[in-house]
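According to TrEMBL, the active site, tele-phosphohistidine intermediate annotation covers HIS70. Residues annotated as active site, proton donor/acceptor in TrEMBL: GLU173. The substrate binding site annotation in TrEMBL covers 69-76, 82-83, ARG119, 173-176, LYS184, 200-201, 244-245. Positions annotated as site 'Transition state stabilizer' by TrEMBL: HIS243.
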Amino acid sequence: MMAATFKCQPTGLHGSGIDASAPRSSRNFGRFYSMRFACNTRCNTLRHVHAPLSISHDSSTESSLILIRHGESLWNEKNLFTGCCDVPLTQRGVEEAIEAGKRISFIPVDMIFTSALIRAQMTAMLAMTQHLQKKIPIIIHNENEEATTWTRVYSEKTTKQSIPVITAWELNERMYGELQGLNKQETAERYGKEKVHEWRRSFDIPPPKGESLEMCSKRAVSYFKDFIEPQLKSGKHVMVAAHGNSLRSIIMYLDRLTSQEVTTLELSTGVPLLYIYTEGKYMSRGSPVGSTEAGVYAYTQSLAVYRQQLDEMSP
């Protein structure tokens, strides 16, 4: 199996330089990012490699990782199993996304990763409307050569004022199989509360024709390691807008939770979590603790410097 090799150089809060080499996938964002968001970097190439993951970075670099579960969706409101069905946010979900944006407005963001589902993408876009950076999130479209050409940005100034948004199905909610679209209460009455609870909260037991949390974790964590973690190691600040189970899977990896501990982890819709990556470790700086959540973000060196820069830019 071929491994991806990323060679990234920190570029500061306003830089966009990246040289990413990765095997071909449905989201060759490394190649596309280098074409559209790294001006004057003709050496950037896409190639297959067989070497282990190799990342050049400053070990003292601090990077911010923001995780946000999407706001309330229309099927959340109706108490339906949603899974990989693609439904938008409710008005409350929109408000949750905007509130999440206010809470993270001073935390730097260089790249955004979302699932392929609209509720996660809406959450990311709405959150960024509140950000003090005032940069515009732009979804990357590289499904084919025509999509790449048609969505190309030719202005270096516009590029510097933009944030690339990478969408990936690997970050989707877990697929609930034959439960998708069913009412949760009615399903419990039909199959029994214990059986439905087992499908929803066990680690390795999937619902009929669906994914278990373990199956979801394998794809989500693998994507995180291959595509998101290299950006953090290079010094970039990343936001991930995704779903309850894909984010639980990533948090399981970040916090080294056991399969039993992750099954009890609950994530509120629209509540951001903050991690700081430094010296090869992830440090949690925020947690979904309701009304007190807005004050849990601790200042670190990178956040303090960034806030100072934003203050200096303000009129």
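Quick reminder: no glycine exception, Cβ is built from N, Cα and C everywhere.
Taking each of the recorded positions GLU72, GLU173 in turn and counting other Cβ atoms within 10 Å of its Cβ gives the largest count for GLU173.
When the recorded positions HIS70, GLY83, ARG174 are compared by the number of other C-beta atoms lying within 10 angstroms of their own C-beta, GLY83 comes out lowest. Listed in sequence order, ARG69, HIS70, SER115, LEU117, ALA120, LEU171, ASN172, GLU173, ARG174 are the same-chain residues six or more apart from HIS243 (site 'Transition state stabilizer') with CB atoms under 8 A from its CB.
Working note on the binding-site residues ARG69, LYS184: by count of other C-beta atoms within 10 Å of each C-beta, ARG69 ranks first.
GLY244 (substrate binding site) has a Cβ environment of 20 other Cβ atoms inside 10 Å. In sequence order, PHE81, THR82, CYS85, VAL87, GLY181 make up the list of same-chain residues 6 or more apart from TRP75 (substrate binding site) whose Cβ falls under 8 Å from its Cβ.
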